[in-house]
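Here is what TrEMBL says about this protein:
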{"type": "ACT_SITE", "residues": "Asp8", "note": "active site, nucleophile"}
{"type": "BINDING", "residues": "Asp8, Asp10, Asp179", "note": "Mg(2+) binding site"}
{"type": "ACT_SITE", "residues": "Asp10", "note": "active site, proton donor"}
{"type": "BINDING", "residues": "Asp19, Asp99", "note": "substrate binding site"}
Amino acid sequence: MKTLLVFDFDHTLVDDNSDTWVIQCIPDQCLPDLVKNSYQKGRWTEYMGRVMSYIGDQDISPDTIRSVMETIPFTDGMIELLTFIVSNKNDIDCIIISDSNTVFIDWILQVAGVQAAVDQVFTNPATFDKRGYMEIECYHSHQCSQCPVNLCKRKVLADFLAGQLKGGVDYQRTFYVGDGGNDLCPSNSLREGDVVFPRKGYTLERLLSKQSAQQGEGSSNPRVIGWTSGREILMELKACVPL
């Protein structure tokens, strides 16, 4: 009976937003208003496609983009947590569900040397075309009214758990670590005995607090443990894993 760790990426594993960090590769580190004002609520991935197209138009190479993305800082204690997961893969599985993209996440995990901690990454597929422009696709379509059109993290997690169960893997508990509004939907799918870790001072913590106040006592929910450092999550994880 293994433990499953599910991580968001931006403002969770890394201490910034990878999609806005990439703007640093533009010489003046500023997008034109035409691009900046083109964002429509719930359609961030399409917006990022336009951002990356603009970056390509500035003749910024994939290598230059990569060198910038590799400087994004990990959140305090997360490297330590991921290193522990690498050392305990017999007892821990780890996945990332993120609204970033495959290229950014792969680069950032690789430069930190922690990619072995992560069994699967579920995020928007990205590739470079022949011109060296990054193209980003939406991860999937879904029917959830709460989530952005390109990604329902609850559906991703449910599909992953169902696939694992078919393969004979039934997790004893799931730890979900996130910060944002799009982490509420999957958090609400967790069972009693699971744990959701909202980052303190961020949207998910506020939404869970509001939801808890509305539901009142006696509802069967996962435990909620706020965090500021990956070491707090590591402490909880160590209590569950036989050492």
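Even glycines carry a Cβ here, placed using N, Cα and C.
Unlike curated records, TrEMBL annotations are generated automatically.
The structure displayed is predicted, hence computed values, not measured ones.
A map of TrEMBL features onto the structure.
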residue : record                   : Cβ within 10 Å
Asp8    : active site, nucleophile : 25
Asp10   : Mg(2+) binding site      : 22
Asp19   : substrate binding site   : 20
Asp99   : substrate binding site   : 24
Asp179  : Mg(2+) binding site      : 22
Distance [Cα-Cα, Å, rounded] between the residue listed as 'active site, nucleophile' and Asp99 (substrate binding site): 8
Cβ-based neighbourhood (8 Å from the centroid) of the Mg(2+) site, residues Asp8, Asp10, Asp179 excluded: Phe9, His11, Thr12, Leu13, Ser98, Gly178, Gly180, Asp183, Arg199, Tyr202
Integer Cα-Cα distance in angstrom, Asp10 (Mg(2+) binding site) to Asp19 (substrate binding site): 8
Inter-residue Cα distance where the pair is Asp99 (substrate binding site) and Asp179 (Mg(2+) binding site), in Å: 12
